[in-house]
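Trainee: Below: one structure in C-alpha coordinates.
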Amino acid sequence: MDGEGIMKDLREESGETSIDWRARPSKSSKHGGMSAAVFVLGLQAFEMMAIAAVGNNLITYVFNDMQYPLSKAANIVTNFVGTVFLLSLLGGFLSDSYLGSFSTMLIFGFVELSGFILLSVQAYFPQLKPPKCKMLSSALAQCSEAKGYKALLFFVALYLVALGSGCLKPDIISLGADQFRKEDLKRSRKLSTYFNCAYFAFCMGELVALTVLVWVQTHSGMVVGFGVSAAAMTVGLICLVSGTTLYRKSRPRGSIFTPIAQVFVAAITKRKQVSPSNANMLHGSQTIMLHRDSVTSQTISTLMHTEKFRFLDKACIKNDDQNQTKETPWRLCTVSQVEQVKILISVVPIFACTIIFNTILAQLQTFSVQQGNSMDKRLTKKFQIPPASLQAIPYIMLIFLVPLYETVFVPMARRITGKDSGITSLQRVGIGLFIATFSMVSAALVENKRRASALNNDTLTIFWIAPQFLIFGLSEMFTAVGLIEFFYSQSLDGMQSFLTAMTYCSYSFGFYLSSLLVSLVNKITSSYSGGGWLSDNDLNKDKLDIFYWLLSALSLVNFFNYLFWSRWYSYNPSLSLTMSENQPHEIQESDNQNILNASANNNVDIKIANVP
(Lines of atoms letter the chains of each structure in order from A and count residues from 1; the text may use other names and numbers.)
(Lines give C-alpha, C1' and ligand atoms only; values in the text may rest on other atoms or scores of the structure.)
Protein backbone atom coordinates (compact mmCIF):
# COMPACT_ATOMS: atom_id res chain seq x y z
CA MET A 1 0.00 0.00 0.00
CA ASP A 2 1.35 3.48 -0.82
CA GLY A 3 1.90 6.33 1.65
CA GLU A 4 -1.34 8.10 0.78
CA GLY A 5 -3.34 4.95 1.45
CA ILE A 6 -1.68 4.54 4.85
CA MET A 7 -2.62 8.06 5.90
CA LYS A 8 -6.18 7.59 4.65
CA ASP A 9 -6.60 4.32 6.54
CA LEU A 10 -5.27 5.85 9.75
CA ARG A 11 -7.68 8.76 9.48
CA GLU A 12 -10.66 6.50 8.75
CA GLU A 13 -9.69 4.13 11.58
CA SER A 14 -9.60 6.98 14.06
CA GLY A 15 -12.85 8.51 12.92
CA GLU A 16 -11.53 11.73 11.45
CA THR A 17 -13.72 12.61 8.48
CA SER A 18 -14.72 15.76 6.69
CA ILE A 19 -18.29 16.20 5.55
CA ASP A 20 -20.10 17.60 2.54
CA TRP A 21 -23.02 20.05 2.46
CA ARG A 22 -25.45 17.30 3.49
CA ALA A 23 -23.30 16.31 6.50
CA ARG A 24 -22.24 13.08 4.78
CA PRO A 25 -18.59 11.96 4.61
CA SER A 26 -16.90 13.87 1.80
CA LYS A 27 -15.31 12.15 -1.19
CA SER A 28 -11.96 13.20 -2.58
CA SER A 29 -13.23 12.72 -6.13
CA LYS A 30 -16.17 15.11 -5.67
CA HIS A 31 -15.24 17.55 -2.92
CA GLY A 32 -12.43 19.94 -2.16
CA GLY A 33 -9.40 20.98 -4.17
CA MET A 34 -8.78 24.26 -5.96
CA SER A 35 -12.05 23.87 -7.88
CA ALA A 36 -13.87 24.36 -4.55
CA ALA A 37 -11.44 26.90 -3.09
CA VAL A 38 -11.90 29.23 -6.07
CA PHE A 39 -15.43 30.07 -4.87
CA VAL A 40 -14.01 31.08 -1.49
CA LEU A 41 -11.44 33.25 -3.28
CA GLY A 42 -14.31 34.98 -5.08
CA LEU A 43 -15.84 35.95 -1.74
CA GLN A 44 -12.40 37.09 -0.54
CA ALA A 45 -12.01 39.51 -3.47
CA PHE A 46 -15.53 40.99 -3.42
CA GLU A 47 -15.77 41.26 0.38
CA MET A 48 -12.43 43.07 0.49
CA MET A 49 -13.60 45.33 -2.30
CA ALA A 50 -16.74 46.21 -0.35
CA ILE A 51 -15.15 46.82 3.07
CA ALA A 52 -12.08 48.67 1.71
CA ALA A 53 -14.26 51.04 -0.32
CA VAL A 54 -16.15 52.01 2.84
CA GLY A 55 -13.13 52.15 5.16
CA ASN A 56 -10.95 54.28 2.90
CA ASN A 57 -13.54 57.02 2.47
CA LEU A 58 -15.53 56.64 5.69
CA ILE A 59 -14.03 59.71 7.33
CA THR A 60 -15.40 61.87 4.49
CA TYR A 61 -18.94 60.63 5.16
CA VAL A 62 -18.63 60.91 8.94
CA PHE A 63 -17.30 64.47 8.68
CA ASN A 64 -19.42 65.92 5.84
CA ASP A 65 -22.71 64.03 6.23
CA MET A 66 -22.86 62.96 9.88
CA GLN A 67 -21.12 66.28 10.72
CA TYR A 68 -18.94 65.05 13.55
CA PRO A 69 -15.88 67.23 14.34
CA LEU A 70 -12.70 66.09 12.60
CA SER A 71 -11.04 64.67 15.73
CA LYS A 72 -14.18 62.76 16.67
CA ALA A 73 -14.64 61.57 13.10
CA ALA A 74 -11.06 60.25 13.05
CA ASN A 75 -11.68 58.33 16.29
CA ILE A 76 -14.87 56.84 14.86
CA VAL A 77 -12.98 55.53 11.84
CA THR A 78 -10.06 54.24 13.93
CA ASN A 79 -12.42 52.45 16.32
CA PHE A 80 -14.27 50.94 13.38
CA VAL A 81 -11.09 49.54 11.79
CA GLY A 82 -9.80 48.24 15.12
CA THR A 83 -13.12 46.56 15.88
CA VAL A 84 -13.20 44.79 12.51
CA PHE A 85 -9.88 43.08 13.22
CA LEU A 86 -10.58 42.32 16.89
CA LEU A 87 -13.90 40.67 16.02
CA SER A 88 -12.01 38.15 13.91
CA LEU A 89 -11.33 36.30 17.18
CA LEU A 90 -15.08 35.96 17.73
CA GLY A 91 -15.55 34.63 14.21
CA GLY A 92 -12.75 32.11 14.64
CA PHE A 93 -14.13 30.94 17.99
CA LEU A 94 -17.70 30.48 16.72
CA SER A 95 -16.49 28.68 13.62
CA ASP A 96 -14.22 26.20 15.39
CA SER A 97 -16.49 25.63 18.37
CA TYR A 98 -20.09 25.63 17.19
CA LEU A 99 -20.98 26.74 13.65
CA GLY A 100 -18.26 25.58 11.26
CA SER A 101 -16.54 27.85 8.72
CA PHE A 102 -19.21 27.76 6.00
CA SER A 103 -22.17 28.48 8.29
CA THR A 104 -20.25 31.25 10.06
CA MET A 105 -19.39 32.88 6.73
CA LEU A 106 -22.96 32.63 5.47
CA ILE A 107 -24.48 34.11 8.64
CA PHE A 108 -22.04 36.97 9.07
CA GLY A 109 -21.86 37.63 5.33
CA PHE A 110 -25.55 38.57 5.47
CA VAL A 111 -24.91 40.58 8.65
CA GLU A 112 -22.28 42.62 6.77
CA LEU A 113 -24.57 43.02 3.76
CA SER A 114 -27.38 44.32 6.00
CA GLY A 115 -24.96 46.93 7.37
CA PHE A 116 -24.08 48.15 3.88
CA ILE A 117 -27.79 48.36 3.00
CA LEU A 118 -28.57 50.38 6.15
CA LEU A 119 -25.70 52.78 5.37
CA SER A 120 -27.08 53.20 1.84
CA VAL A 121 -30.59 53.89 3.16
CA GLN A 122 -29.35 56.53 5.60
CA ALA A 123 -27.19 58.19 2.95
CA TYR A 124 -30.17 58.32 0.56
CA PHE A 125 -32.80 59.88 2.84
CA PRO A 126 -32.01 63.46 4.02
CA GLN A 127 -34.34 63.11 7.01
CA LEU A 128 -32.07 60.38 8.42
CA LYS A 129 -29.09 62.78 8.55
CA PRO A 130 -28.43 66.13 10.25
CA PRO A 131 -29.44 69.29 8.35
CA LYS A 132 -26.91 70.01 5.60
CA CYS A 133 -24.13 72.31 6.74
CA LYS A 134 -20.73 73.32 5.35
CA MET A 135 -18.34 71.86 7.90
CA LEU A 136 -15.33 73.84 6.64
CA SER A 137 -17.05 77.21 6.70
CA SER A 138 -16.79 79.90 9.35
CA ALA A 139 -20.23 78.85 10.57
CA LEU A 140 -18.88 75.54 11.83
CA ALA A 141 -20.26 76.18 15.32
CA GLN A 142 -23.77 76.24 13.87
CA CYS A 143 -23.47 72.73 12.38
CA SER A 144 -25.16 70.03 14.41
CA GLU A 145 -23.76 66.51 14.54
CA ALA A 146 -25.92 63.40 14.20
CA LYS A 147 -27.78 62.61 17.42
CA GLY A 148 -30.63 60.46 18.63
CA TYR A 149 -32.09 57.96 16.19
CA LYS A 150 -29.90 59.33 13.37
CA ALA A 151 -26.72 58.53 15.28
CA LEU A 152 -28.18 55.21 16.43
CA LEU A 153 -28.98 54.15 12.87
CA PHE A 154 -25.49 55.12 11.70
CA PHE A 155 -23.63 53.25 14.43
CA VAL A 156 -25.87 50.17 14.17
CA ALA A 157 -25.20 50.04 10.42
CA LEU A 158 -21.47 50.68 10.83
CA TYR A 159 -20.96 48.03 13.47
CA LEU A 160 -23.07 45.48 11.60
CA VAL A 161 -20.48 45.89 8.85
CA ALA A 162 -17.67 45.55 11.41
CA LEU A 163 -19.25 42.45 13.00
CA GLY A 164 -19.85 40.78 9.66
CA SER A 165 -16.46 41.56 8.14
CA GLY A 166 -14.52 40.72 11.30
CA CYS A 167 -16.15 37.33 11.75
CA LEU A 168 -15.76 36.50 8.06
CA LYS A 169 -12.04 37.12 7.70
CA PRO A 170 -10.48 34.10 9.47
CA ASP A 171 -13.10 31.72 8.10
CA ILE A 172 -12.43 32.70 4.49
CA ILE A 173 -8.84 31.53 4.95
CA SER A 174 -9.64 28.36 6.90
CA LEU A 175 -12.51 27.16 4.68
CA GLY A 176 -10.37 27.58 1.58
CA ALA A 177 -7.41 25.77 3.15
CA ASP A 178 -9.69 22.96 4.37
CA GLN A 179 -10.33 22.04 0.74
CA PHE A 180 -6.90 20.40 0.57
CA ARG A 181 -6.85 16.97 2.17
CA LYS A 182 -4.26 16.28 4.84
CA GLU A 183 -3.31 12.92 3.35
CA ASP A 184 -2.54 14.51 -0.01
CA LEU A 185 1.13 13.95 -0.80
CA LYS A 186 1.45 17.44 -2.23
CA ARG A 187 -0.70 19.25 0.35
CA SER A 188 2.09 21.57 1.49
CA ARG A 189 2.65 22.77 -2.05
CA LYS A 190 -1.07 23.20 -2.73
CA LEU A 191 -1.64 25.07 0.53
CA SER A 192 1.19 27.47 -0.27
CA THR A 193 -0.34 28.07 -3.70
CA TYR A 194 -3.76 28.66 -2.15
CA PHE A 195 -2.45 31.21 0.35
CA ASN A 196 -0.72 33.07 -2.49
CA CYS A 197 -3.98 33.01 -4.48
CA ALA A 198 -5.88 34.29 -1.45
CA TYR A 199 -3.46 37.20 -1.13
CA PHE A 200 -3.80 37.89 -4.86
CA ALA A 201 -7.60 38.05 -4.44
CA PHE A 202 -7.10 40.40 -1.47
CA CYS A 203 -4.87 42.67 -3.60
CA MET A 204 -7.38 42.75 -6.46
CA GLY A 205 -10.19 43.71 -4.08
CA GLU A 206 -8.09 46.46 -2.49
CA LEU A 207 -6.96 47.77 -5.88
CA VAL A 208 -10.48 48.06 -7.27
CA ALA A 209 -11.67 49.70 -4.03
CA LEU A 210 -8.85 52.26 -3.96
CA THR A 211 -9.26 53.24 -7.59
CA VAL A 212 -12.66 52.58 -9.16
CA LEU A 213 -14.88 52.63 -6.07
CA VAL A 214 -13.17 55.62 -4.43
CA TRP A 215 -13.57 57.50 -7.73
CA VAL A 216 -17.28 56.55 -7.82
CA GLN A 217 -17.74 57.77 -4.24
CA THR A 218 -15.95 61.04 -4.99
CA HIS A 219 -17.94 61.85 -8.13
CA SER A 220 -21.33 60.25 -7.39
CA GLY A 221 -21.57 60.55 -3.61
CA MET A 222 -21.61 58.08 -0.75
CA VAL A 223 -25.16 56.92 -1.59
CA VAL A 224 -23.82 55.29 -4.74
CA GLY A 225 -20.61 54.33 -2.90
CA PHE A 226 -22.42 52.39 -0.17
CA GLY A 227 -24.71 50.87 -2.79
CA VAL A 228 -21.75 49.61 -4.81
CA SER A 229 -20.28 48.07 -1.65
CA ALA A 230 -23.59 46.31 -0.98
CA ALA A 231 -23.62 45.05 -4.59
CA ALA A 232 -20.03 43.78 -4.29
CA MET A 233 -20.89 41.96 -1.04
CA THR A 234 -23.92 40.38 -2.72
CA VAL A 235 -21.76 39.06 -5.57
CA GLY A 236 -19.30 37.70 -2.99
CA LEU A 237 -22.06 35.80 -1.18
CA ILE A 238 -23.30 34.41 -4.49
CA CYS A 239 -19.76 33.12 -5.12
CA LEU A 240 -19.71 31.47 -1.69
CA VAL A 241 -23.11 29.78 -2.11
CA SER A 242 -22.29 28.64 -5.66
CA GLY A 243 -19.62 26.29 -4.35
CA THR A 244 -21.81 24.71 -1.65
CA THR A 245 -21.94 21.23 -3.20
CA LEU A 246 -18.15 21.15 -3.69
CA TYR A 247 -16.92 22.10 -0.23
CA ARG A 248 -15.21 19.83 2.26
CA LYS A 249 -16.27 20.98 5.73
CA SER A 250 -15.05 20.15 9.21
CA ARG A 251 -17.42 19.47 12.06
CA PRO A 252 -17.26 21.96 14.95
CA ARG A 253 -15.77 20.37 18.08
CA GLY A 254 -17.37 22.26 20.96
CA SER A 255 -15.74 25.08 22.90
CA ILE A 256 -12.06 25.33 21.95
CA PHE A 257 -11.31 27.05 25.27
CA THR A 258 -12.49 24.18 27.48
CA PRO A 259 -9.57 21.79 26.71
CA ILE A 260 -7.13 24.69 27.15
CA ALA A 261 -8.61 25.62 30.52
CA GLN A 262 -8.53 21.95 31.56
CA VAL A 263 -4.76 21.80 30.96
CA PHE A 264 -4.02 24.80 33.18
CA VAL A 265 -6.39 23.64 35.93
CA ALA A 266 -4.97 20.11 35.93
CA ALA A 267 -1.35 21.35 35.82
CA ILE A 268 -1.94 23.69 38.75
CA THR A 269 -3.80 21.01 40.70
CA LYS A 270 -0.89 18.57 40.23
CA ARG A 271 1.90 21.13 40.47
CA LYS A 272 3.60 19.18 43.29
CA GLN A 273 3.75 15.98 41.26
CA VAL A 274 7.07 14.89 39.72
CA SER A 275 7.01 14.52 35.94
CA PRO A 276 8.04 11.01 34.81
CA SER A 277 11.29 10.68 32.89
CA ASN A 278 9.60 8.46 30.32
CA ALA A 279 7.01 10.32 28.24
CA ASN A 280 5.17 7.04 27.55
CA MET A 281 3.92 7.15 31.15
CA LEU A 282 1.92 10.31 30.44
CA HIS A 283 -1.80 9.93 29.83
CA GLY A 284 -2.71 9.72 26.13
CA SER A 285 0.84 9.37 24.88
CA GLN A 286 0.10 6.09 23.07
CA THR A 287 -2.78 7.23 20.87
CA ILE A 288 -1.99 7.16 17.18
CA MET A 289 -3.77 9.89 15.22
CA LEU A 290 -6.82 10.92 17.22
CA HIS A 291 -8.00 10.85 20.81
CA ARG A 292 -11.72 10.87 21.54
CA ASP A 293 -12.67 12.27 24.91
CA SER A 294 -15.50 10.15 26.30
CA VAL A 295 -16.80 12.97 28.46
CA THR A 296 -16.97 15.80 25.94
CA SER A 297 -17.22 13.65 22.77
CA GLN A 298 -14.56 15.95 21.42
CA THR A 299 -12.15 14.63 18.80
CA ILE A 300 -8.61 15.92 19.10
CA SER A 301 -5.81 15.15 16.67
CA THR A 302 -2.84 13.61 18.43
CA LEU A 303 0.32 15.61 18.98
CA MET A 304 3.53 13.97 20.10
CA HIS A 305 5.23 14.94 23.33
CA THR A 306 7.86 17.70 23.32
CA GLU A 307 10.21 18.93 26.03
CA LYS A 308 9.19 22.60 26.16
CA PHE A 309 7.09 23.95 29.03
CA ARG A 310 7.53 20.75 31.03
CA PHE A 311 5.45 22.15 33.90
CA LEU A 312 2.34 21.64 31.75
CA ASP A 313 3.11 17.91 31.46
CA LYS A 314 1.91 17.51 35.03
CA ALA A 315 -1.63 17.75 33.67
CA CYS A 316 -1.02 14.30 32.09
CA ILE A 317 0.26 12.53 35.19
CA LYS A 318 -2.02 9.67 36.26
CA ASN A 319 -2.90 9.37 39.93
CA ASP A 320 -1.37 6.26 41.51
CA ASP A 321 -4.14 5.86 44.09
CA GLN A 322 -6.13 2.91 42.75
CA ASN A 323 -8.93 3.46 45.26
CA GLN A 324 -9.64 6.92 44.02
CA THR A 325 -12.48 7.45 41.62
CA LYS A 326 -11.72 8.00 37.94
CA GLU A 327 -10.17 11.39 37.35
CA THR A 328 -12.18 13.94 35.41
CA PRO A 329 -10.86 15.84 32.34
CA TRP A 330 -10.26 18.78 34.68
CA ARG A 331 -7.68 16.73 36.60
CA LEU A 332 -6.23 14.51 33.88
CA CYS A 333 -5.52 15.65 30.31
CA THR A 334 -4.01 13.99 27.27
CA VAL A 335 -0.62 14.73 25.77
CA SER A 336 -2.38 16.19 22.72
CA GLN A 337 -4.26 18.73 24.82
CA VAL A 338 -1.06 19.79 26.58
CA GLU A 339 0.91 20.03 23.34
CA GLN A 340 -1.77 22.24 21.75
CA VAL A 341 -1.48 24.62 24.71
CA LYS A 342 2.30 24.58 24.29
CA ILE A 343 1.85 25.57 20.65
CA LEU A 344 -0.50 28.43 21.59
CA ILE A 345 2.06 29.77 24.07
CA SER A 346 4.91 29.34 21.58
CA VAL A 347 3.24 31.29 18.74
CA VAL A 348 2.59 34.37 20.89
CA PRO A 349 6.14 35.81 20.44
CA ILE A 350 5.88 35.27 16.65
CA PHE A 351 2.55 37.10 16.68
CA ALA A 352 3.98 39.94 18.79
CA CYS A 353 6.84 40.50 16.34
CA THR A 354 4.38 41.46 13.58
CA ILE A 355 2.78 44.32 15.54
CA ILE A 356 5.57 46.78 14.66
CA PHE A 357 5.13 45.75 11.02
CA ASN A 358 1.49 46.86 11.15
CA THR A 359 2.46 50.05 12.99
CA ILE A 360 4.45 50.93 9.86
CA LEU A 361 1.35 50.20 7.79
CA ALA A 362 -0.59 52.69 9.92
CA GLN A 363 1.94 55.42 9.03
CA LEU A 364 1.49 54.78 5.33
CA GLN A 365 -2.26 55.27 5.71
CA THR A 366 -1.92 58.50 7.73
CA PHE A 367 1.28 60.55 7.64
CA SER A 368 2.26 59.42 4.15
CA VAL A 369 -1.10 60.65 2.86
CA GLN A 370 -0.41 63.99 4.57
CA GLN A 371 2.96 64.05 2.82
CA GLY A 372 1.16 63.62 -0.49
CA ASN A 373 -1.22 66.47 0.29
CA SER A 374 1.70 68.88 0.56
CA MET A 375 3.28 67.78 -2.75
CA ASP A 376 2.55 68.39 -6.42
CA LYS A 377 -0.34 66.02 -7.19
CA ARG A 378 -0.72 66.86 -10.88
CA LEU A 379 -0.49 63.98 -13.32
CA THR A 380 -1.66 66.15 -16.22
CA LYS A 381 -2.83 69.74 -16.39
CA LYS A 382 -6.41 68.67 -15.68
CA PHE A 383 -5.97 65.58 -13.50
CA GLN A 384 -4.63 65.38 -9.97
CA ILE A 385 -3.85 62.17 -8.09
CA PRO A 386 -5.82 61.84 -4.82
CA PRO A 387 -3.18 61.22 -2.10
CA ALA A 388 -5.25 58.39 -0.61
CA SER A 389 -5.06 56.57 -3.96
CA LEU A 390 -1.30 56.20 -3.47
CA GLN A 391 -2.20 53.21 -1.33
CA ALA A 392 -3.15 51.49 -4.59
CA ILE A 393 0.47 51.60 -5.80
CA PRO A 394 1.66 48.46 -3.96
CA TYR A 395 -1.43 46.52 -5.02
CA ILE A 396 -0.81 47.38 -8.67
CA MET A 397 2.69 45.99 -8.22
CA LEU A 398 1.53 42.94 -6.28
CA ILE A 399 -0.95 41.70 -8.88
CA PHE A 400 2.15 41.08 -11.01
CA LEU A 401 4.56 40.05 -8.25
CA VAL A 402 2.36 37.42 -6.56
CA PRO A 403 2.02 35.29 -9.73
CA LEU A 404 5.77 35.70 -10.35
CA TYR A 405 6.48 34.60 -6.79
CA GLU A 406 4.38 31.47 -7.28
CA THR A 407 5.60 30.56 -10.78
CA VAL A 408 9.25 31.67 -10.66
CA PHE A 409 10.56 32.14 -7.10
CA VAL A 410 8.91 29.10 -5.48
CA PRO A 411 10.15 26.54 -8.08
CA MET A 412 13.68 27.99 -7.87
CA ALA A 413 13.66 27.95 -4.08
CA ARG A 414 12.17 24.45 -4.08
CA ARG A 415 15.14 23.10 -6.02
CA ILE A 416 17.52 24.67 -3.50
CA THR A 417 15.72 23.91 -0.22
CA GLY A 418 13.80 20.77 -1.18
CA LYS A 419 10.65 22.19 0.46
CA ASP A 420 7.35 22.14 -1.44
CA SER A 421 6.60 25.77 -0.52
CA GLY A 422 10.12 26.93 -1.49
CA ILE A 423 10.85 28.50 1.88
CA THR A 424 9.20 27.91 5.24
CA SER A 425 6.46 30.21 6.48
CA LEU A 426 8.72 31.52 9.27
CA GLN A 427 11.46 32.34 6.76
CA ARG A 428 8.90 34.15 4.62
CA VAL A 429 7.73 36.26 7.57
CA GLY A 430 11.34 37.13 8.44
CA ILE A 431 12.11 38.32 4.91
CA GLY A 432 9.05 40.57 4.99
CA LEU A 433 9.93 42.07 8.37
CA PHE A 434 13.44 42.87 7.15
CA ILE A 435 12.21 44.55 3.95
CA ALA A 436 9.67 46.64 5.89
CA THR A 437 12.52 48.50 7.60
CA PHE A 438 13.56 50.02 4.28
CA SER A 439 10.06 51.37 3.70
CA MET A 440 10.56 53.71 6.65
CA VAL A 441 14.15 54.50 5.56
CA SER A 442 12.77 55.59 2.17
CA ALA A 443 10.00 57.59 3.87
CA ALA A 444 12.51 59.41 6.09
CA LEU A 445 14.83 60.32 3.21
CA VAL A 446 11.96 61.58 1.04
CA GLU A 447 10.42 63.60 3.88
CA ASN A 448 13.75 65.28 4.57
CA LYS A 449 14.05 66.21 0.90
CA ARG A 450 10.39 67.31 0.69
CA ARG A 451 10.68 69.65 3.69
CA ALA A 452 13.95 71.12 2.43
CA SER A 453 12.36 71.76 -0.97
CA ALA A 454 9.27 73.31 0.59
CA LEU A 455 11.38 75.72 2.67
CA ASN A 456 13.06 76.78 -0.58
CA ASN A 457 9.64 77.41 -2.17
CA ASP A 458 9.92 74.34 -4.35
CA THR A 459 7.37 71.51 -4.52
CA LEU A 460 8.29 67.90 -5.16
CA THR A 461 6.05 65.69 -7.27
CA ILE A 462 3.92 63.22 -5.35
CA PHE A 463 5.67 60.28 -7.05
CA TRP A 464 8.63 60.77 -4.70
CA ILE A 465 6.70 58.96 -1.98
CA ALA A 466 5.80 56.01 -4.21
CA PRO A 467 8.92 53.97 -3.23
CA GLN A 468 7.89 53.70 0.43
CA PHE A 469 4.56 52.21 -0.66
CA LEU A 470 6.22 49.87 -3.15
CA ILE A 471 8.76 48.57 -0.62
CA PHE A 472 6.11 47.97 2.00
CA GLY A 473 3.88 46.21 -0.54
CA LEU A 474 6.73 43.79 -1.29
CA SER A 475 7.31 43.17 2.42
CA GLU A 476 3.59 42.58 2.99
CA MET A 477 3.55 39.88 0.29
CA PHE A 478 6.06 37.93 2.36
CA THR A 479 4.89 38.73 5.90
CA ALA A 480 1.10 38.63 5.58
CA VAL A 481 0.92 35.40 3.59
CA GLY A 482 3.70 33.72 5.59
CA LEU A 483 2.01 34.53 8.89
CA ILE A 484 -1.37 33.15 7.81
CA GLU A 485 0.26 30.00 6.46
CA PHE A 486 2.25 29.59 9.68
CA PHE A 487 -0.73 29.93 12.02
CA TYR A 488 -2.89 27.62 9.93
CA SER A 489 -0.20 24.92 9.71
CA GLN A 490 0.46 25.01 13.47
CA SER A 491 -3.15 24.53 14.51
CA LEU A 492 -4.89 21.26 15.25
CA ASP A 493 -8.16 20.31 13.57
CA GLY A 494 -10.82 22.43 15.23
CA MET A 495 -8.65 25.49 15.91
CA GLN A 496 -7.61 26.67 12.42
CA SER A 497 -10.02 29.60 12.25
CA PHE A 498 -9.18 30.88 15.72
CA LEU A 499 -5.42 30.77 15.20
CA THR A 500 -5.80 32.36 11.76
CA ALA A 501 -7.77 35.16 13.44
CA MET A 502 -4.65 36.05 15.44
CA THR A 503 -3.05 37.38 12.24
CA TYR A 504 -5.84 39.94 11.93
CA CYS A 505 -5.49 40.97 15.57
CA SER A 506 -1.94 41.97 14.72
CA TYR A 507 -3.38 44.67 12.43
CA SER A 508 -5.54 45.98 15.25
CA PHE A 509 -2.70 46.09 17.78
CA GLY A 510 -0.43 47.72 15.19
CA PHE A 511 -2.86 50.59 14.67
CA TYR A 512 -3.38 51.02 18.41
CA LEU A 513 0.39 51.03 18.96
CA SER A 514 0.71 53.69 16.26
CA SER A 515 -1.62 56.04 18.13
CA LEU A 516 0.18 55.34 21.41
CA LEU A 517 3.60 55.87 19.81
CA VAL A 518 2.62 59.21 18.26
CA SER A 519 1.27 60.48 21.59
CA LEU A 520 4.32 59.22 23.48
CA VAL A 521 6.79 60.76 21.02
CA ASN A 522 5.00 64.11 21.17
CA LYS A 523 4.96 64.09 24.95
CA ILE A 524 8.65 63.22 25.29
CA THR A 525 9.97 65.52 22.56
CA SER A 526 7.84 68.49 23.60
CA SER A 527 9.33 68.36 27.10
CA TYR A 528 12.80 69.34 25.93
CA SER A 529 12.31 71.04 22.57
CA GLY A 530 9.28 73.20 23.28
CA GLY A 531 7.30 71.48 20.53
CA GLY A 532 6.82 67.82 19.74
CA TRP A 533 8.05 66.19 16.56
CA LEU A 534 4.45 65.76 15.39
CA SER A 535 2.61 68.41 17.38
CA ASP A 536 2.10 70.93 14.58
CA ASN A 537 -0.46 70.67 11.78
CA ASP A 538 2.21 71.94 9.37
CA LEU A 539 4.56 69.18 8.21
CA ASN A 540 7.13 71.82 7.29
CA LYS A 541 7.45 72.65 10.99
CA ASP A 542 7.22 69.06 12.24
CA LYS A 543 10.04 66.54 12.31
CA LEU A 544 8.28 63.67 10.58
CA ASP A 545 11.53 62.44 9.04
CA ILE A 546 13.05 61.85 12.50
CA PHE A 547 9.91 59.96 13.51
CA TYR A 548 10.33 57.79 10.42
CA TRP A 549 13.96 57.11 11.37
CA LEU A 550 12.75 56.06 14.82
CA LEU A 551 10.29 53.62 13.25
CA SER A 552 12.97 52.20 10.95
CA ALA A 553 15.20 51.61 13.99
CA LEU A 554 12.35 49.95 15.88
CA SER A 555 11.63 47.81 12.83
CA LEU A 556 15.25 46.66 12.60
CA VAL A 557 15.36 45.81 16.32
CA ASN A 558 12.06 43.99 15.89
CA PHE A 559 13.57 41.96 13.03
CA PHE A 560 16.47 40.74 15.20
CA ASN A 561 13.98 40.01 17.98
CA TYR A 562 11.99 37.94 15.48
CA LEU A 563 15.13 36.01 14.48
CA PHE A 564 15.59 34.98 18.10
CA TRP A 565 12.01 33.78 18.58
CA SER A 566 11.78 32.06 15.20
CA ARG A 567 14.94 30.06 16.00
CA TRP A 568 13.57 29.31 19.48
CA TYR A 569 10.26 28.07 18.04
CA SER A 570 10.16 24.34 17.30
CA TYR A 571 7.48 22.61 15.27
CA ASN A 572 5.69 19.74 16.94
CA PRO A 573 6.87 16.55 15.17
CA SER A 574 3.30 15.40 14.52
CA LEU A 575 2.52 18.59 12.58
CA SER A 576 5.43 17.90 10.24
CA LEU A 577 4.28 14.35 9.48
CA THR A 578 4.45 14.29 5.69
CA MET A 579 4.62 11.81 2.88
CA SER A 580 6.86 12.83 0.02
CA GLU A 581 6.82 10.96 -3.23
CA ASN A 582 9.65 8.61 -4.15
CA GLN A 583 11.39 9.06 -0.78
CA PRO A 584 11.75 6.48 2.03
CA HIS A 585 10.81 7.57 5.52
CA GLU A 586 11.88 6.65 8.99
CA ILE A 587 10.62 7.17 12.52
CA GLN A 588 12.56 9.51 14.78
CA GLU A 589 10.22 9.32 17.78
CA SER A 590 10.36 5.93 19.48
CA ASP A 591 7.42 6.65 21.74
CA ASN A 592 4.85 6.43 18.95
CA GLN A 593 4.75 2.64 18.58
CA ASN A 594 1.33 2.63 16.95
CA ILE A 595 2.61 4.55 13.94
CA LEU A 596 5.63 2.22 13.79
CA ASN A 597 3.39 -0.83 13.78
CA ALA A 598 1.07 0.61 11.15
CA SER A 599 3.97 1.41 8.88
CA ALA A 600 5.59 -2.01 9.40
CA ASN A 601 2.39 -3.88 8.66
CA ASN A 602 2.02 -2.07 5.37
CA ASN A 603 5.70 -2.07 4.37
CA VAL A 604 5.87 1.73 4.42
CA ASP A 605 8.24 3.82 6.52
CA ILE A 606 6.88 7.06 7.95
CA LYS A 607 9.02 10.03 8.88
CA ILE A 608 8.30 12.33 11.79
CA ALA A 609 10.97 14.99 12.06
CA ASN A 610 11.43 18.49 13.34
CA VAL A 611 11.31 21.13 10.62
CA PRO A 612 14.30 23.49 10.84
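Glycine residues also receive a Cβ, built from the backbone N, Cα and C atoms like all the rest.
Source: prediction; values computed, not measured.
According to TrEMBL, the protein carries these features:
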type: COMPBIAS; residues: 13-23; note: compositional bias 'Basic and acidic residues'
type: REGION; residues: 13-32; note: region 'Disordered'
type: TRANSMEM; residues: 32-53; note: transmembrane segment
type: TRANSMEM; residues: 73-94; note: transmembrane segment
type: TRANSMEM; residues: 106-125; note: transmembrane segment
type: TRANSMEM; residues: 151-172; note: transmembrane segment
type: TRANSMEM; residues: 193-216; note: transmembrane segment
type: TRANSMEM; residues: 222-247; note: transmembrane segment
type: TRANSMEM; residues: 343-364; note: transmembrane segment
type: TRANSMEM; residues: 384-405; note: transmembrane segment
type: TRANSMEM; residues: 426-445; note: transmembrane segment
type: TRANSMEM; residues: 465-488; note: transmembrane segment
type: TRANSMEM; residues: 509-526; note: transmembrane segment
type: TRANSMEM; residues: 546-565; note: transmembrane segment
Trainee: Decide whether the stretches the transmembrane segment (222-247) and the transmembrane segment (106-125) have at least 3 CB pairs under 8 angstroms, with pairs required to be 6 or more apart in sequence.
Mentor: yes
Trainee: Mind pulling out the one from 73-94, 193-216, 384-405, 509-526, 546-565 with the most Cβ pairs under 8 angstroms to the transmembrane segment (151-172)?
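Mentor: Per the Cβ under 8 Å count, 73-94.
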Trainee: So, do the transmembrane segment (546-565) and the transmembrane segment (343-364) meet, by the test of 3 or more Cβ pairs under 8 Å (sequence gap 6 or more)?
Mentor: yes
Trainee: Which range out of 32-53, 343-364, 426-445, 465-488 gives the transmembrane segment (193-216) the most CB pairs under 8 Å?
Mentor: 32-53
